[in-house]
Amino acid sequence: MAKIGNIDVGGFPLLLAPMEDVSDPPFRALCKEQGADVVYTEFISSEGLIRDAAKSVMKLDIYEKERPVGIQIFGANLESMLQSVEIVEKSGPDIIDINFGCPVKKVVSKGAGAGILKDIPLMVSLTEAMVKHTKLPITVKTRLGWDQDSIKIVEVAERLQDVGASAISIHGRTRVQMYKGDANWAPIAEVKNNPRMHIPIFGNGDVDTPERAMEMRDKFGLDGAMIGRASIGYPWFFKEVKHYFRTGEHLPPPTMEERLDAARRHLQMAIDWKGEKLGVFETRRHYTNYFKGIPHFKEYRQKMVTSDDAADVFAAFDEVEKEFSGYEFV
Ligand SMILES: Cc1cc2nc3c(=O)[nH]c(=O)nc-3n(C[C@H](O)[C@H](O)[C@H](O)COP(=O)(O)O)c2cc1C
């Protein structure tokens, strides 16, 4: 059984990764329904939060049904991070996660996200200060290191644990790799195998089949899997992994009806939460996967991803239902 602070998250939990413009309340709700054990918000800028920037503040919305839920923040300035902890606490999350892994230039150039991998003492002192500033468990999400020559994740993880981090999720790539190459899980297993470690170590990067999730558990011995891209437009992934763990069998893929139901609800929840314009826009990236594999689908997908009007997207779903009802996915 893995525990994040006092929160029991089960044996080999599956965590929905924080993903910008993806891990929002509607999508988190769908993933939760399909078996995600812990969900995280997308990253939220500490500088945005303390300026009360509307975009950052809206990302703090969380709902009872998605617990346990972690709110992820990023930044490199101690004062801003501590003030953000206070702001975040008011939303009542179960966990606060620190992003020490984002490789994007605009984040890294300010020393935040993966930028902090160049300043491990700051990474540790920020974590320590945040742990002391709240009663909520603080978790850390990071990468293996800045580059291949500076992978010190075993030592870094120990130090984070020593200052009170409650769990660490490690993406098996360096900052320099961005998203290229394959994720390397061996150094994550080294962290886990360090006899001094006792907090959960979650593996992340390229878990895209139930078999890979099982490998992370059985071959690499990690405490849980954090899942990102495999869930985009495919919240069923969590259920499929759990079914495979239980039975060794693959679930049949979701039916057209299930996919349409998810797409419709996703869009409606997104509109309810952030209004029609943004709701329509930000749900687009999911449609490719919701309807993956259907031949001659381009025309329908085109309507879904180019229309600014929710009614047109719903009409496209209706057309798909009429045209492809009963389509058998493989
Ligand atoms: C669209 C997108 C947005 C992301 N945004 C964040 C983020 O806000 N915070 C974060 O820690 N990682 C973010 N990531 C990284 C993921 O959490 C994860 O570490 C990475 O995708 C590797 O896992 P995967 O192979 O399961 O996708 C993002 C990834 C993607 C694809």
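Just so it is clear, glycine is given a Cβ too, placed from its N, Cα and C backbone atoms.
Unlike curated records, TrEMBL annotations are generated automatically.
Pulled from TrEMBL:
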ACT_SITE  Cys102  active site, proton donor
BINDING   Gln72, Lys141, His171, Gly228, Arg229  FMN binding site
DOMAIN    15-313  domain 'DUS-like FMN-binding'
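Location within the structure of each feature annotated in TrEMBL.
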residue	record	DSSP (3 states)
Gln72	FMN binding site	strand
Cys102	active site, proton donor	coil
Lys141	FMN binding site	strand
His171	FMN binding site	strand
Gly228	FMN binding site	coil
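Here the Cα atom of Arg229 (FMN binding site) is found 15 Å from that of Cys102 (active site, proton donor). In this structure the alpha carbons, written CA, of His171 (FMN binding site) and the residue listed as 'active site, proton donor' are 10 Å apart.
Within 10 Å of the Cβ of Cys102 (active site, proton donor) there are 24 other Cβ atoms, across all protein chains. By the criterion of other Cβ atoms within 10 Å of the residue's own Cβ, the least surrounded of the binding-site residues Lys141, His171, Arg229 is Arg229. With respect to their backbone Cα atoms, Lys141 (FMN binding site) and Cys102 (active site, proton donor) stand 9 Å from each other.
Long-range Cβ proximity for Gln72 (FMN binding site), meaning a same-chain Cβ under 8 A and a gap of 6 or more residues, is found for Pro18, Tyr40, Thr41, Glu42, Phe43, Ile44, Ile96, Asp97, Ile98, Asn99, Lys141. For the pair Gly228 (FMN binding site) and Cys102 (active site, proton donor), the C-alpha distance works out to 13 angstrom. Among the residues the record lists as binding FMN, namely Gln72, Lys141, His171, Gly228, Arg229, the two farthest apart have Cα atoms separated by 17 Å.
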